[in-house]
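Q: Can you read through this structure? Questions will come right after.
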Amino acid sequence: MGITLIWCLALVLIKWITSKRRGAISYDSSDQTALYIRMLGDVRVRSRAGFETERRGSHPYIDFRIFHSQSDIEASVSARNIRRLLSFQRYLRSSRVFRGATVCSSLDILDEDYNGQAKCMLEKVGNWNFDIFLFDRLTNGNSLVSLTFHLFSLHGLIEYFHLDMVKLRRFLVMIQEDYHSQNPYHNAVHAADVTQAMHCYLKEPKLASSVTPWDILLSLIAAATHDLDHPGVNQPFLIKTNHYLATLYKNSSVLENHHWRSAVGLLRESGLFSHLPLESRQEMEAQIGALILATDISRQNEYLSLFRSHLDKGDLHLDDGRHRHLVLQMALKCADICNPCRNWELSKQWSEKVTEEFFHQGDIEKKYHLGVSPLCDRQTESIANIQIGFMTYLVEPLFTEWARFSDTRLSQTMLGHVGLNKASWKGLQRQQPSSEDANAAFELNSQLLTQENRLS
């Protein structure tokens with residue numbers, strides 16, 4: 001009897017001590033620091049187990065800040081449930097079902113520490129040295145939404161077209177969601193970069209004095225959606241794999257048609273312009289399509305020849321809507337391939353990303369014995385080789401004609417960057433073992449690039 005009583009007292013004592021303990025094993029503790037320790041421990045376990053990290057907002061410090069903002073969280077909730085609760089706004093973002101739901105955006109999460117810096121950057125959104133990679137980090141991966149919304153406001157489009165700001169933000173969020181973050185290059189950050197470049201071109205004196213609010217609206221929407229739902233492979237890949245998109249668009253501007261139709265779908269789904277007459281909405285959709293279709297790199301010579309012809313004759317009249325639309329098409333084409341026109345630090349990052357996407361396609365083609373597309377074989381190609389050919393045969397001819405049309409400081413800056421970046425890549429190329437055959441290789445590949453590649 002005495003021994004039994006002692007054991008009972010010992011068990012009661014152990015239970016009482018356990019209930020008072022703090023730290024990673026205390027699920028009854030109301031101490032937020034203890035909950036944070038448990039959360040960090042769970043993150044470490046997930047990383048060791050090989051779980052794929054979430055694309056955005058998964059940093060423990062961000063989660064911890066959200067935890068502090070939730071004053072009504074009960075202390076008895078387990079660490080696992082806390083993590084689920086804190087991540088729910090990310091799950092909402094990935095679900096089309098909840099697109100209209102009111103949730104705390106990641107921008108709100110970062111207001112205190114980062115949003116001030118992001119706003120400061122937006123004050124210089126017209127600067128050609130704008131660092132879209134830094135801006136994307138400061139906005140927690142929401143660069144496309146933040147930048148485009150700001151530009152709509154900056155150009156007075158919200159007031160002019162009487163846009164519902166909730167619908168506008170929802171439309172921009174849908175656009176951003178429909179870009180694939182797993183694409184190294186054709187993702188929402190690229191779309192944001194192109195949109196920022198388009199804004200710079202719209203500010204150029206010739207355009208700024210002639211474009212209408214309608215022109216600006218179409219240009220910004222087309223820039224933001226020009227690669228919408230890009231699969232990360234090029235048109236020839238879709239054709240040789242009998243992809244349904246190639247069949248649907250009869251092997252002609254397959255990706256560009258898909259980007260355009262996807263943009264139209266989001267425009268209609270958002271209801272952003274539902275207050276406009278049907279004729280205006282139809283005209284908007286058609287003109288956005290004409291802008292996006294102009295980014296098909298296989299039609300580069302067609303657009304460039306027409307533009308050059310007008311410049312030679314001196315008959316471009318920007319009071320003519322058709323001529324103005326052609327110039328906007330050329331502006332979007334420039335914005336789409338302006339990476340070599342940025343400073344070396346930015347340009348090099350873009351070069352590495354697009355080459356990674358090329359090589360990923362080549363890896364798939366090798367795996368399934370499809371025949372590797374030009375510029376997509378990581379065993380025979382190099383970033384330097386691809387970039388030098390790209391600049392020589394596509395970028396320089398386009399931006400030379402653009403400088404004829406708009407001979408400004410920006411145009412000379414862009415051409416200057418192309419020259420410097422090309423020289424830098426040539427320097428790196430000379431260090432490569434196969435550099436002797438580089439000239440012939442990139443000339444051939446660049447001609448093929450114009451016809452079919454560039455993952456446009």
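Glycine is treated like the rest: Cβ placed from N, Cα and C.
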Q: Look at the divalent metal cation 1 binding annotation in Swiss-Prot, where H190, H226, D227 are given, and name the residue from D336, D363, D377, D407 listed for that site too.
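A: Site partner of H190, H226, D227 for divalent metal cation 1, according to Swiss-Prot: D336.
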Q: Have a look at the binding-site residues H226, D227, D336 and say which one has the shortest Cα distance to H186 (active site, proton donor).
A: D227
Q: Roughly where does the domain 'PDEase' (110-432) sit in mean pLDDT, to the nearest integer?
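A: Average per-residue pLDDT within the domain 'PDEase' (110-432): 97.
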Q: Here the recorded positions are H186, H226; which one has the lowest number of other Cβ atoms no more than 10 Å from its Cβ?
A: H186
Q: Report the member of D227, D336 (the binding-site residues) whose C-beta atom has the most other C-beta atoms within 10 angstroms.
A: D227
Q: Given a separation of at least six residues and a C-beta threshold under 8 Å, show me what packs close to H190 (divalent metal cation 1 binding site) in the same chain.
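A: For H190 (divalent metal cation 1 binding site), the qualifying residues are Y179, D227, W350.
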Q: Hey, does DSSP put D336 (divalent metal cation 1 binding site) in a helix, a strand, or just coil?
A: helix
